[in-house]
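Notes follow the structure.
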Amino acid sequence: MQHPTISDVAEHDAQDEDEDEDDCWTALQRAALAGDLPAVRGALAAGADVNAPARGYYGRTALQAACSASRTEVVSVLLAAGAEVNDRPGNNDAKNALQMACGRADGGGIVRALLARGADVNVPAARYFGATALQSACAAGAADVADLLLEAGAEVNAAPAATGGRTALQAAAGGGFEGIARAVMERGGDVNAAACRARGLTALQAASYGGHEGLVGMLLEAGAHVDAEGSRFKGARALHAAAEGGHARVCEMLLDAGAEIDAGAGAGAGAWGGRQTALQCAAARGHQDVAGLLRRRGATGTEGGGTFLFD
């Protein structure tokens, strides 16, 4: 008799998990996600529960499913049928209907409809890669949606998710959305809000990693701390972020603003214990122009070490 190997068991368990997850979706939820309007209407006419709860790790209510895919007509039908706008998502899907709609650049019409039905603009971000409605809009670069949310009273400094989270300003800065970032700052967005516990970045670190020179300049002018530490896990200082991203001009801007050139990346910078310098980060990524700039500006030490962001 041949016994199953560990890999056989693991593969079987994974298949069972996938099958169980598939079984968690109702026919209405599947049709809503697909944007199949006739199937949605048919299911409702047959008595399908419009508010059947999200189940499983990645489950969604019918309304959440439609919002996640910008199914505008389906959303209208579901709302008319009494869909609850503030229901919770599945265990790992992290976002409710409004938060999902706000994460779409084309979600303005759906967002207006949800707000008109009483959607809560300030539901907190889920702990693991979650986002508030405003944080979602800022990350997506949806300026019109961000404006709607701000007018509706969205909290500009709401706490980010503990893992992978961004404040509204951090999200806008990371995406290079200067206009949105400016609007958030005008509403009191904190330029020095701390990075979240794991895989987070301050606004300046996020803009630096993305090479967004205009935003870096704007944040520095607004008083962003140039040597602030990042997350406790997978975090970094702004100079290290710019160096790893390969952005020589941003490195120059940060150094001109007083960034410490030979500082370690910080306590959260992964396996190297935060000791790697910006020079080491640039060299590890093969950014020789940045490494040369840092040497010319006085960087010392070897080019050993490693990278840290998002590895």
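Cβ coordinates are placed from backbone N, Cα and C, and glycine is handled just like the others.
Since this is a predicted model, take the numbers as computed values, not measurements.
Copied over from TrEMBL:
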{"type": "REGION", "residues": "1-22", "note": "region 'Disordered'"}
{"type": "REPEAT", "residues": "58-90", "note": "repeat 'ANK'"}
{"type": "REPEAT", "residues": "93-126", "note": "repeat 'ANK'"}
{"type": "REPEAT", "residues": "129-161", "note": "repeat 'ANK'"}
{"type": "REPEAT", "residues": "164-196", "note": "repeat 'ANK'"}
{"type": "REPEAT", "residues": "199-231", "note": "repeat 'ANK'"}
{"type": "REPEAT", "residues": "234-266", "note": "repeat 'ANK'"}
**Asked** Under an 8 Å Cβ to Cβ limit, what residues of the same chain, 6 or more beyond the ends of the repeat 'ANK' (58-90), are close to it?
**Response** 21, 24-26, 28-35, 37, 40-41, 44, 50-52, 96-98, 100-101, 104, 106-107, 109-110, 113-114, 117-120, 123, 126
**Message:** What does the DSSP secondary structure composition of the repeat 'ANK' (199-231) look like, as residue counts for helix, strand and coil?
**Reply:** 17 helix, 0 strand, 16 coil
**Fill in**
Secondary structure split (DSSP) over the repeat 'ANK' (129-161) reads 17 helix, 0 strand, 16 coil
